[in-house]
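K.L.:
Summarising the annotation, TrEMBL assigns transmembrane segment to 6-27, 39-57, 69-92, 104-124, 130-152, 164-185, 191-210.
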Amino acid sequence: MGFLRLTVGILGNVASLSLFSAPIITFTRVIKHKSTEEFSCIPYIISLLDCIVYTWYSTPVVSYGCENLPILTVNGIGTLLELSFIFIYLWFAPRKEKVKVASLTLVVVLLSILVIVVSVFVRHDHSRRKLFVGCAGIVASAVMYGSPLVAVKTVIETESVEFMPFYLSFFTFLSSTLWGIYGLLELDFFIASPSIVGIILSIIQLALYFKYRKRGIKEEPNKWDIEKSEDKSKVELQPG
């Protein structure tokens, strides 16, 4: 059972790292154009909160020994990546957006510190610390997995998957499934339950993707065709 859990944990790390790394394409574009364009930084800020809380949850201070080492490694790397994305966004964002993003990031950092401080100084044993930090993790994960619902709304309204890339939905599904299995093998409710939410929401996203993927954006009539039609009409209206 221990070997199976470790194997699932390693696969979960690979899937989660793929998910965390996916925005690199977006931020390469931001750096190239020196503009954040219409991209939102909120999903990365929410993901930062989730990564910090689960990094703390999986440390020996909260968990028992190294039982959640795979969770620790992937969320530690995820924390660094999310901070990098936020920093790049702040560098190229307009002044008004910088203030908004910096304020939200500060709130997330303060919330994370609060969770850590309370769990250390108020909860004096592993079981109580695990309960407290685990509940905080469930809330953070629910918000993180729920953030793509904005994109789902856009897909339904526009009947286009332009704003909901397939690979993000796919890696969310894969990562959630693997961590759900890991949590069940570990009998850890605080790992398994958020993953179930992620699985359900990613299935909804994938279903919408396959429903609307063949429906492109309606193109405007070709200017050359319009001019040809106008010329033809003029010829037809000329007296013989």
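Going from the start of the chain as shown, residues are counted 1 onward.
Including glycine, each Cβ sits where the backbone N, Cα and C put it.
Just so you know, TrEMBL annotations are computer predictions that nobody has curated.
If you look at the structure here, what lies around each of the features I listed?
P.N.:
Within the chain, the transmembrane segment (69-92) has long-range Cβ neighbours (under 8 A, six or more residues past its boundaries) at 6, 9-10, 12-13, 16-17, 20-21, 23, 27, 30-31, 34-36, 39, 41, 44-45, 47-48, 50-52, 54-55, 57-59, 98, 101-102, 105, 182, 191.
Cβ atoms under 8 Å from those of the transmembrane segment (104-124) belong to residues 41-42, 45-46, 48-49, 52-53, 56, 61-62, 86, 131-133, 136 of the same chain, restricted to positions at least 6 beyond its ends.
Outside the transmembrane segment (130-152), and at least 6 residues removed from its termini, the chain residues within Cβ reach (under 8 Å) are 42-43, 46-47, 49-50, 53-54, 56-57, 62-63, 115, 118-119, 122-123, 163-164, 168-169, 172, 176, 189-190, 193-194, 197-198, 201-202, 204-205, 208.
Residues 1, 4-5, 8-9, 11-12, 15-16, 18-19, 22, 70, 145, 148, 151-152, 154-155, 191-193, 195-199, 201-203, 205-206, 208-209, 213 of the same chain lie 6+ residues outside the transmembrane segment (164-185) yet bring a C-beta within less than 8 angstroms of a C-beta in it.
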